[in-house]
């Protein structure tokens, strides 16, 4: 090689380096987003949230997802944040996800820079936490629920990692006034009057949204934080649902795909339809004749991938384009209810008692009403839609760019005996301690979103002799514990109950993630409104004082990395409503969190390493499961899985916007196959000219509900009922309904099947 050619190669190499540098200098960050199905078992599993043993899954309202973003400074620090359509994060799930990420990526993703947060839906399968208190109603540990979460979280992070590209991040904030009310106003009013006067509302109304913009493709996603409980779906619902936040995410993702220029404009409202579908031509009679020729298929054998291939939204996952991911994250929702019409006695229709949320002294009759009352599905849609509309507005108008370093701090804290320095009554300071975990009597009363049973009531700071006797059979708390938890009357001394293993956590994670001027406080529980305000303000003060007065946007990510129930203010704790009775570590719990987060914030600013603290236990090997396994599925002699048992009438027609189409099939237990990234139910439209069926709605659409039932608990025969509420936006044409399932038979281990109804006309 000549000297001249060597020089030319050097020049080209330097130009290439300069080009790469320019790419990264134009964009401060690498951004990547991902999303994956985490829908757990749709049959036989107790739902996590209401602690109602009769609330057992039996179908799907719409699917649950893990949505992740990764932000990295090129060649430097990165963070990953995952939002789950789940009741809460689980310490055990977090441990196992981090183990998998370390196997794949080494030390790139660890417990320090990965946060996993739950939306707090109360309509997802339970049994995935590791402490006994949270496994009682699910009859122990449910491996399918656990594995669906671990697998889905890992896959969402893998997607986000592989999608990392230069991009920018914008932030915007705004008020949403009609999506949450305080469900414990009497406790809130116990906070100091001067403090309450600083705020216009008794719940936080602000939504904070970050918008991710890829340098090449433009907007690729958004995550927002807003406080309202995932309790629009009631304690008697049995269909898996992401509740109002999952609803908002589904609507916003569909909204963006419709408006995005990369996607065909031939898309129906709140769902997707292939652009090759056109409105039917010809006479209406022709449609009826065509439908009359397309009869029920009967059950048939298919492959496992059949339902995945038919899934409507999978057609939008182009290999060369990032998908749009939108997450509606939870924050300090502890005392915030989506049932915004107020609380009423279901027997009299009168408002519930203000202080105790009772009706005639009983808590069982007092319920909050959502905006769609008495239809919980409509309430879910409305609260979700309200969050979506605000998020879409913030997304569209976002202009403030996030700039600055990416950083994080994380520690494990032993909360059972934490020394906390607080302001003394006579000035100065004093040292107090948190307590081993314990539940008060008011915990058993439940909330106005889902009342408890027996004669418990919120605001009980005395207890009663009978339930104390029952308590003592499990564990009689020590005098020291009673004094520490006072004025909470202890119903369950969970922190000191160790048989057959720990009933409640004692070691908890605290974590701060920073992206420029955005700071995310990751907390393993549900902070009430005022508790969250105090934590945010304390951290803001530390950050501002340590950065020459720079202003930061501080948000709380609730129910993150682990779960330890509620955190109230000291004053709210004195009232002992549900939230105070569920504040595990005593009256100084919030002060403990504030102390530890101020340490993290100081370390973040100074660049100091944070003491990692004691490791929480991994209790996977100790888990006990009492849930009955699926033994076998069967159909009557002469019939097949997938056969239609109740078809649409011949030559039937249905009006869009008003009618409901219902079809029933011979089915099998949904636990045999979770249909991950697939569907149990499908609406297909006949494409005349191509002589084929095209999928248009699946079990990830609000209009389509998959319900599973059987004659009695141990029956080997079961039925799938699929209901299609035909949306106003549906195109006229010829349709059918298809069911996918998997049966466990004595002959073959798993038999995948499908069946389709006769065709019908929609007009």
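A Cβ is built for glycine as well, from the same backbone N, Cα and C atoms used for every other residue.
A TrEMBL annotation is a machine prediction, not a hand-curated record.
As given in TrEMBL:
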SIGNAL    1-25  signal peptide
DOMAIN    29-595  domain 'Neutral/alkaline non-lysosomal ceramidase N-terminal'
BINDING   120, 229, 526, 566  Zn(2+) binding site
ACT_SITE  337  active site, nucleophile
DOMAIN    597-762  domain 'Neutral/alkaline non-lysosomal ceramidase C-terminal'
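Each residue contributes its Cα atom, and for residue 526 (Zn(2+) binding site) and residue 337 (active site, nucleophile) these two points are 13 Å apart.
Mean pLDDT for the domain 'Neutral/alkaline non-lysosomal ceramidase N-terminal' (29-595) in this predicted model: 94.
The binding-site residues near residue 337 (active site, nucleophile), taking a 10 angstroms Cα-Cα threshold over the set 120, 229, 566, are 229. Other residues of the same chain near the Zn(2+) site, with their Cβ within 8 Å of the Cβ centroid of 120, 229, 526, 566, are 330, 333, 334, 336, 525, 558, 559. Taking the Cβ of residue 120 (Zn(2+) binding site) as centre and 10 Å as the limit, one finds 27 other Cβ atoms among all the protein chains shown. Other Cβ atoms within 10 Å of the Cβ of residue 337 (active site, nucleophile), summed over all protein chains shown, number 24. Look at the binding-site residues 229, 526, 566 and count other Cβ atoms within 10 Å of each Cβ; 566 has the fewest.
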